[in-house]
């Protein structure tokens, strides 16, 4: 900084020069104007001196202010440099070391003593606060970790317990579904009481599941009781209808013998309609667990079986028989085989064009009698073929699974299971569908057809209106002439036994016009 004298020397020099210049101007001024000149020079010099003095003072103040600001800037720069160095030390050295020690489990105070602290008090305070905060967080984290481990262990044990309970529950449900429920359903269908079945079957140990299972068993038992009661009532009603149908057939046979030939055709149509009614009632009775309306106590030759089956269907005139065997079917199975073939022929006739024929071929093989029924209708779709195969195999005998009024194949399945008959579908060589029926050897009677006399001729049969032969035992076989296929039908089961007379072998007369469809009214069931 300059000395005060050196700072004012230029100002004094300027004022001196101005004073000399003014004196010269006064001397050189005219005599009359010297007074005015002196006044002007003095005034100007004073004003100029004051101005210079003020300017000098302001300049010095400005200089001092600038010097002070420069010094302050230098001081701030020095402080900033020190702060940056302190901050870098804190961020790069002190803070990481402090965090490492505190997180390693060292107390905050001890960790602060091990770390080289910064010079700034604020940085020191920041490190103290940060150390305390991190220590508290580490303690909370440790406590949370301990609590988490404890909860995890508890959850693991609870999960294992729940898994064991779920496994036990699943095992009980599977056992109930796989073993208990089918056994209960089967026993209830057999007529056992619900309380007896529930007391003897295995019930789950879990209370809620046990209560649910007991409720299911009660509802199932109630449903089975209702179904069994309805089925029993239906079977009883159908048995009465069957008895009436057989009685009507017997009356028709008697009327054919008593009346003249004028009413012969009408009686034949009534006979055929009654035979169809018998087929329908037998169908329902078999589905309800009942028995057919006829029974045979001696063998029936295969050709008579076929003609009896044809005589029970509406489209009997379209069926063509090709029988090349002389064997007979045992009496215990004759009615079942006849009904089975009638259902298959009826199905083939219904699902083929009304002008096409249904051909039935019979041949004897080493495994039994093979009956092939072929129609020329539309080929069955794959799904329909599979369902038909399931039906005739006996896998769709449950009434709840049957579709609409198509009950014939379900009856075929039941009869096939009962007599161990094999029934299979295949494409027909005539363009439609073929069904192959294998009657096993145990259904074939041991006695040959030679033991049975030949059937009466058509002339003899027509002359006597009906050929009636009584077989020993509980069944009467009746032949109806005048139709393309006549059915041996059973008379009343209470008919007296007669000497053994061979079953007549029916012949096929010339084609006759199809009978007009008739819907006979069923007689009232007798009062119990």
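Glycine is no exception: its Cβ is also placed from the backbone N, Cα and C atoms.
Caution: TrEMBL annotation is automatic and unverified by curators.
Check TrEMBL against the ranges 96-123, 124-151, 152-179, 180-207 and you find coiled coil recorded for 152-179.
Record note: among 14-34, 35-55, 35-55 is the stretch given as transmembrane segment by TrEMBL. As a whole-number mean, the pLDDT of the coiled coil (152-179) in this prediction is 86. Counting only same-chain residues 6+ beyond the ends of the coiled coil (152-179), those with a CB under 8 A from a CB of the stretch are 202, 204-206, 209, 213.
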